[in-house]
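Notes to accompany the following structure.
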Amino acid sequence: MLKTRVMAWLKLTIKRPIKIQLNFPKPSSSIPLQASAMELAILFLVVFSSSSLLQHATAQTCDAAITFSNDKLYTACNVLPYHSASLHWNYFASNGTVDIAYRASGSSASWVAWAINPNSAGMIGANAFLAFTNTTTGNVAVFATRFTSYSVQAADVRDEELAFTVYDKRAEYSNGYYTIYASLELPGNTTRQNTVWQASSDFSDGVPNGHPLSTANRQSMSTLDFLSGQTASGGGNSRLHRKNIHGVINAISWGILLPTGAIIARYVKVFQFADPAWFYLHVACQCSAYVVGLAGWILGLKLGSQSKGITYHKHRDIGIALFCLATVQVFALFLRPDKNHKYRWYWNIYHYAVGYAVIILSIVNVFEGFDILDPAKKWKNAYIAVIATLGGVALVLEAFTWAVVTRRRSSEKPHNGDNTTNGFYA
């Protein structure tokens, strides 16, 4: 009975329209607004995030046609999401060991790596196996190397003992693929391990050293249970998901809603029949952009604190400046003097200057974010299309409204000593 009553109350509540009552000093009339802009932004975010998750969560199976040297068979395998890589293994519960075969595509002039990080996710603390072609001997070499910082020098890449016991390791290159074979003891005698894999063609002094900062290189990590075969997205995939959410939120709020609100304020208010509706539309757009953008900004700070050693200085600095200016702009709403006040002209200069600066910084930082995330080109192209459309609409309205204003001013010139002015533009 209680469940039935709760469900009935929820249905009744959801059916009611959401209204926002905005009370500002000017204009004096109050118009209830439907929260359509916010709902559209949230809907776009959900659709984008869902499609991104669906794409990354698509189940994959290992290629049964893959054969390994000595015709060795592996009972478990996972297709890894980057570098055309896969991991194959046999787990031995009796002694807590595992035989692995890590396979990744690359040229003979590149290198590949697979690692276990016993203490955390990512590169710092990773105990890695690196396979590459020795330019001196022409043979495929495999190094067991620990990584303790992001500033890796060529001298740091050497064959050494790892934090866990390695019984055997070797590597081969065939048909465009490196394969690393290793027998090792799982650290901590636990089957759930943080794994990292990598591929690059950067060398220094004949040894692997460095890789690009693309999405594939930065997000090649996951948590693997060698017993069940299940992978958890708590490592790189969840961080990538949060970065995607951060990018979507900021692109919608700072990169789309803010310019749209500015277009409404500049052009719609020219039409007297739209007064004061344009004001409420403008405020709704900008406040929605600020609130949603605040969430994206906080998420960005959180991501930055979780990525020690990796700092995107330009993107971060622009983001901080953008948020500070946007906060100042919000206070402009409460400091707005009356149209006929002597300080109104100065307030207009301040409001326009800060507003346009925020819009420019927003668009620049959205493109900075695209360069960092390096998503599929269609997302960047889609944003370019949106901004180009808004720019085209602004140009058309600029020409049209100038014609309207010019015609109105000529028809409202003072007659017979009448020195009144058109207060609509004051």
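Glycine too: its Cβ is placed from the backbone N, Cα and C atoms.
In TrEMBL, the annotation transmembrane segment applies to 247-265, one of the ranges 114-132, 247-265. Residue counts of the domain 'DOMON' (83-200) by helix, strand and coil are 6 helix, 64 strand, 48 coil (DSSP-based). Largest Cα-to-Cα span within the heme b-binding set H246, H282, H315, H351: 27 Å. Counting Cβ atoms from all protein chains shown, H351 (heme b binding site) has 16 others lying within 10 Å of its own Cβ.
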